[in-house]
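Read the structure below first, then the notes.
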Amino acid sequence: MEKIIDESQQGKSLVLEQKTENTRKLFIESYGCAMNFSDSEIVAAILLKEGYNTTQTLEEADLVLVNTCSIRDKAEQTVRKRLEKYNAVKRINPKMKVGVLGCMAERLKSKLLDEEKIVDLVVGPDAYKDLPNLLAEVEDGRDAINVLLSKDETYGDISPVRLNTNGVSAYVSITRGCDNMCTFCVVPFTRGRERSRDPQSILEEVNDLWSKGYKEITLLGQNVDSYLWYGGGLKKDFEKASDIQKATAVNFSKLLELCAKAQPKMRIRFSTSNPQDLTLDVIETMARYKNICDHIHLPVQSGSNRILKEMNRLHTREEYFELIDNIRRILPTCSISQDMISGFPTETEADHQDTLSLMEYVKYNFGYMFTYSERPGTLAERKMEDDVPEEIKKRRLDDIVQLQRQHSEIRTKAYLNTTVEVLIERESKKSDKEWSGRTSQNIVAVFPKAHYKIGDLVNVNITDCTSATLIGEAIDYAVN
Ligand code: SAH
Ligand code: F3S
């Protein structure tokens with residue numbers, strides 16, 4: 001999920017909702033996945049009630065919070081660097097308090113307080129409602145920590161304060177935690193067991209966003225397709241639910257349908273789908289509703305059956321192909337994107353070739369590709385040696401990235417001389433005379449502004465492209 005965040009947004013916090021009576025200033029920044037960005041909006045909402053307005057100026061903050069990522073070692077190093085920066089500011093403004101939120105807080109717990117003297121506050125992903133109490137402790141001069149994971153916290157009752165917003169697209173979180181236990185992944189340890197949010201509160205949020213002018217939502221979860229609401233509680237306890245609870249349970253395809261029907265003009269996206277949980281039902285629901293976008297992010301990590309097994313991904317390469325064939329049959333215009341890991345323990349050259357040949361079969365529209373980073377406490381770290389040398393991991397990653405670039409180019413070129421629907425999101429980074437937006441397939445398109453404005457859905461004739469971006473001209477408003 002990581003790079004789905006536009007990198008220019010990392011760190012920034014532009015906020016619309018402020019309270020004039022609030023006197024304290026919160027500087028909050030987020031790293032890592034979309035869920036972290038979404039969580040920071042919940043934290044900002046909790047602290048708005050506690051007297052904090054957000055600021056974009058670090059130097060004037062009373063409280064600095066950093067929402068952190070542990071997915072790879074590099075992500076943690078980025079946060080450590082930010083802490084150094086805060087330290088420099090704290091020398092000028094000694095009253096400033098610093099808190100670490102999110103996955104690093106959960107992974108390192110009180111070690112963070114010992115290792116990083118600047119940190120006053122450590123709060124895990126399920127403990128944000130405790131922030132007011134924890135801040136009171138900090139104000140009394142004590143370090144404060146809450147890293148308890150929860151069985152039922154979904155923050156469904158909190159209306160997020162939208163940060164970094166363009167007023168057009170917003171995240172709506174629907175599940176928390178993950179039960180999949182992929183052997184390389186730290187998320188099940190930092191975000192706990194999987195639980196789903198009440199569909200009613202999801203629909204209320206979607207309706208509220210529409211009434212505020214938003215045009216696109218992304219339903220968020222580590223593993224959205226395993227969404228299951230049966231009245232609350234952990235996904236793994238569903239077996240123990242009553243017959244009535246089972247009969248009235250809402251799964252992901254049902255939730256998608258509820259959202260699509262509630263706001264038929266709202267564009268609906270979702271992320272992320274684990275192949276083992278994406279059902280035909282979901283694909284068919286996507287086909288039934290035009291406002292559900294034509295894109296599936298379907299991380300596979302490796303094309304080798306042996307490696308998939310070592311990763312505890314519960315599907316084979318052949319089953320993945322079958323899923324891809326079903327998507328292509330039911331949703332012929334759907335784009336598909338990937339996440340890949342090169343150099344997982346024991347990966348051989350033949351395994352790597354399997355990854356490349358899988359990519360050849362799918363020809364993804366785009367992808368997010370990483371070298372394996374061993375994470376403390378994961379099953380892979382405990383049971384396997386990180387035995388692929390760094391330079392081999394990097395070379396294999398290069399192969400994967402090169403091949404993806406070729407495929408992206410083929411996919412992007414296929415849109416030349418066609419008309420696509422684009423939701424205008426922002427000014428193009430390259431020119432203040434052009435708009436930038438995305439197609440239903442999640443491909444970026446840029447075109448001259450003409451008389452159109454942010455939030456408009458327009459038909460764009462595609463006349464040119466780079467490997468990742470469509471270039472064209474808007475011809476009129478799209479009717480949806
Ligand atoms: N299901 C999640 C996956 C979160 S992690 C989601 O919603 O996206 C995002 C991606 O990071 C994974 O798909 C995987 O490709 C990569 N990743 C996770 N752990 C990693 C590790 N230890 N080393 C390298 N990449 C990793
Ligand atoms: Fe991680 Fe696998 Fe869950 S990648 S977030 S354990 S689906």
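Note: Cβ is positioned from N, Cα and C throughout, glycine not excepted.
Per TrEMBL, these features apply:
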| type | residues | note |
| --- | --- | --- |
| BINDING | C33, C69, C103 | [4Fe-4S] cluster 1 binding site |
| BINDING | C178, C182, C185 | [4Fe-4S] cluster 2 binding site |
| DOMAIN | 24-140 | domain 'MTTase N-terminal' |
| DOMAIN | 164-411 | domain 'Radical SAM core' |
| DOMAIN | 413-476 | domain 'TRAM' |
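On the structure: features taken from TrEMBL.
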residue	record	Cβ contacts under 8 Å, 6 or more apart
C103	[4Fe-4S] cluster 1 binding site	G32, N36, T68, C69, S70, I71, P125, V186, V187, T190, R191
C178	[4Fe-4S] cluster 2 binding site	C185, V187, P188, R191, E194, Q222, N223
C182	[4Fe-4S] cluster 2 binding site	Q301, M311, N312, R313
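Highlighted here are the binding-site residues (C33, C69, C103, C178) whose C-beta falls below 6 Å from ligand 2: C178, in sequence order. With a cut-off of 6 Å between Cβ and the nearest atom of ligand 1, the binding-site residues C69, C103, C182, C185 reduce to C185.
Mapped onto DSSP classes, the domain 'MTTase N-terminal' (24-140) shows 62 helix, 25 strand, 30 coil. Residue counts for the domain 'TRAM' (413-476) by DSSP state, with H, G and I taken as helix and E and B as strand, are 1 helix, 37 strand, 26 coil. Averaged across the domain 'Radical SAM core' (164-411), pLDDT for the predicted model comes to 97.
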